[in-house]
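These notes are about the structure you will find just below.
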Amino acid sequence: MSKAKGTGFSSIDTEDENLRERYVNQPKANASDIQDEQLDCFEQLEEKHRTKKNEEYTALKILRDVIGPLLLTITSFYLRFQHIDQNNYVVWDEAHFGKFGSYYIKHEYYHDVHPPLGKMLIALSEWMAGFDGQFDFSSNNAYPENVNFKLMRQFNATFGALCTPVAFFTAKWMGFNYFTVYLIATMVTLEHSYIVLSKFILLDSMLLFFSMTTFACMIKLYTLRKQQMTKKWSLWMLLTGLSIGCVCSVKWVGLFITVVVGLYTCIELFLLYCDKELPRIKYYKHWLIRIINLIVIPFLIYLYCFKIHFVLLYKSGTGDSTTNTLFQINLEGTQIEAGPRDVAFGSELTIRSHGLSPNLLHSHIQVYPEGSGQRQITGYGFADSNNVWKFEFSRSSGLELDQNGTLNGKIIPITDGVEVRLSHKNTGSNLHSHDVPSHVSRGNYEVSGYGSQSVGDEKDDWIVEIVKQMDSPNPVYSNENSTILHPVSTFFRLRHKVLGCYLASTGLTYPAWGFKQAEIVCKDSWSRRDKSTWWNVEDHWNHNLETAEDYVPPKSNFWTDFILTNFAMASSNNALVPDEDKYDSLSSDAWEWPTLHKGLRMCSWAGYITRYYLMGSPFNTWISTVSLIIFPFIILFILYRWRRQTLYLSDDQIWQITIQGIFPFISWMTHYLPFAMMGRVTYVHHYVPALYFAMLVFGFVLDFTLTRVHWMVKYPIYLSLFGGCIYIYNLFAPICQGMHGDKAEYLPLQWLSTWDIAP
């Protein structure tokens, strides 16, 4: 009994010796071995649990970061491609940008207020569509059957659709709550103004896309701020520069987001400067890398776009008048006529300024309303009979041309230092200046048309000063007399004999009484390099001299063409001012955009046509505008608590507030306030980039407000916001997907009396 009890097996038959011997002789288990076996078992269970959790997390991450944004992107493509060819007429600014694209197909030079990248991309879409350039994109005209306008529009819509994933990852990198990230991406996807602008051959979707990518790249650099100088950081720095170059090459509005990136860069460099552990040589390296990537590369992209622009447009076209003579005469089919190579007394000619405003010297019968009251002298770019002048002998010389345009049968060339008088062919008045202030610029003298062939004084006299001669590639004309005035290749100045000032173009324009033409003055100029006082003869006629048909003009300088083209763009842009005497139903004021006070009819409102109304989503616009009002108070609240030392903010928290709230707010201001302050005419679509940044501000306000709210309150709020965004899109979908038939059917969408959707 005692033995059986000792073994602890009382229930087993002890008469079986073999069995008893087997158990009696078996060694006892070690306690540490049992513990190790138990630990191994627990570790295996934990590993299985950890693997399962990792698999679940990976699946969730793929669903959240890949499948989710992919579905939103597909939705974005669908909404922008949907019914894209339903309106087969030229809609709104397709009349401009479709036509500009066709000029690249035909290689005809044109002028526009915007840089060329966006229009070259439109030309690419036209080339892909097999367009031959013959359709002129006249407003409201139907597209011919042989013009694949659907593909052109789809190409443009692609930029708009890709804004959705850019918005998603930007919001994610900014550190927003994932519900907020998805809400912002959904708002961008369902924004009515973004959808409708993407459906047509316009620049706005490209501008929005590159503005968003520039901001996204900046945010990505923020996430990599502790990994500076790594390959990944360097790649995103390069992408930022490429994006800046693209957005500025589509529209100058891209400069606004460039300012934001510049501000962020300055903050980074300042913080690096304050880092006493950073060697100075590394600090200067940071400067160098940013200068190369954020200044040099964008500028080279901008420059290269113009290089391609000039190479493609090698034929004479509608934009010739905005360029200098050398550029024009090198165009195929130029309108500048071949003429004699020596300019002489009796020659009739046109004279073009070599300044930043390369206009032709012009006069007409109208007089100055103030000042001398004599005939106006202006600069005018287009071919016109009022641009023609004639070289006469000066008043003080007492000489006159005979009936054959010679001096007693002799042809007297115009040489350096000779005194001349310029008479206007149509009015007969003389180019004149006197001690009367100019009308637009300050500190200059008025230039007027005065007298006639027989009436005048010494203030009609000017002295020719030759400043530069350019040689022809043709050896026959490569050694022309450098003291004689030659058309096209000679640059000269006209110094007033009495006042000592120089005939100049200021780059400014006269008011309506001067037909918005360029101001011409007589200015004191102490430098021969002052290009505003440089002129050249463009067209030249003299029946006493032989025409040089085989003359080959010098090539124009790329840098000169680049600078003059950009200045012409700026001048044209500044000229887009509202006409106070004319009501423009399409234009709107900046205050009307965030309030959604007014929209824009994009096409004819006839009942038989598919109609589109450019207006922001009421949900997106109004909720983001409210956020813009709330945001400054949130910042003041944070500063107040920080100042009272009731709130501690770490460096990372300060950065988070800056990136999520302050930079989107600054971006909104830089994209909105310039339009509110500028004098040019403005339209609803000018708010497109600013609206995106207003949505990001809304994301910050939402995240800040709901940070400590219980999930039972937070989730219903998010659900209602998603529901509201989707519901408002569906309600107002006709304004961006097309309205058909009876206009009265859309009266329920007429929420405000200022909206003209239904009438």
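Each residue, glycine too, has its Cβ placed from N, Cα and C.
If you check Swiss-Prot, you'll see ASN54 and THR186 are listed on the same side of the membrane. Among the ranges 1-31, 32-62, 435-465, the one that Swiss-Prot lists as region 'Disordered' is 1-31. Remark: secondary structure over the domain 'MIR 1' (340-394) totals 3 helix, 26 strand, 26 coil, with classes taken from DSSP. If you take the Cα of ASN156 (N-linked glycosylation site) and the Cα of ASN481 (N-linked glycosylation site), they are about 55 angstrom apart, rounded to a whole number. For the topological domain 'Lumenal' (216-251), the residues of the chain that approach it from at least six positions outside its boundaries are 114-118, 166, 169-170, 173-174, 203, 206-207, 210, 257-258, 260-261, 264, 268, 285-286, 289-290, 292-302, 305, 655, 659, 663, judged by C-beta separation under 8 angstroms. Counting only residues at least six positions away in the same chain, the Cβ atoms of ASN544 sit under 8 Å from the Cβ of ASN404 (N-linked glycosylation site). Nonlocal intrachain contacts for the transmembrane segment (195-215), taken as residues 6+ away from its ends with a CB within less than 8 angstroms of a stretch CB, comprise 79-80, 84, 91-94, 97-98, 101, 114, 118-119, 121-122, 125, 149, 152-153, 156-157, 159-163, 166-167, 170, 239-240, 243-244, 246-247, 250-251, 253-254, 257-258, 260-261, 602, 612-614, 667, 671, 685, 688-689, 692-693, 735-737. Simply put, out of 165-185, 294-314, 619-639, 657-677, 165-185 has the most Cβ pairs sitting under 8 Å from the transmembrane segment (59-79). Taking H, G and I as helix, E and B as strand and the rest as coil, DSSP gives the domain 'MIR 3' (482-540) the counts 6 helix, 28 strand, 25 coil. Under DSSP, the residues of the domain 'MIR 2' (409-467) split into helix, strand and coil as follows: 3 helix, 30 strand, 26 coil.
Away from its own ends, the topological domain 'Cytoplasmic' (273-293) comes close to residues 228-229, 234, 237-238, 240-241, 265 of its chain (Cβ-Cβ under 8 Å, at least six residues beyond either end).
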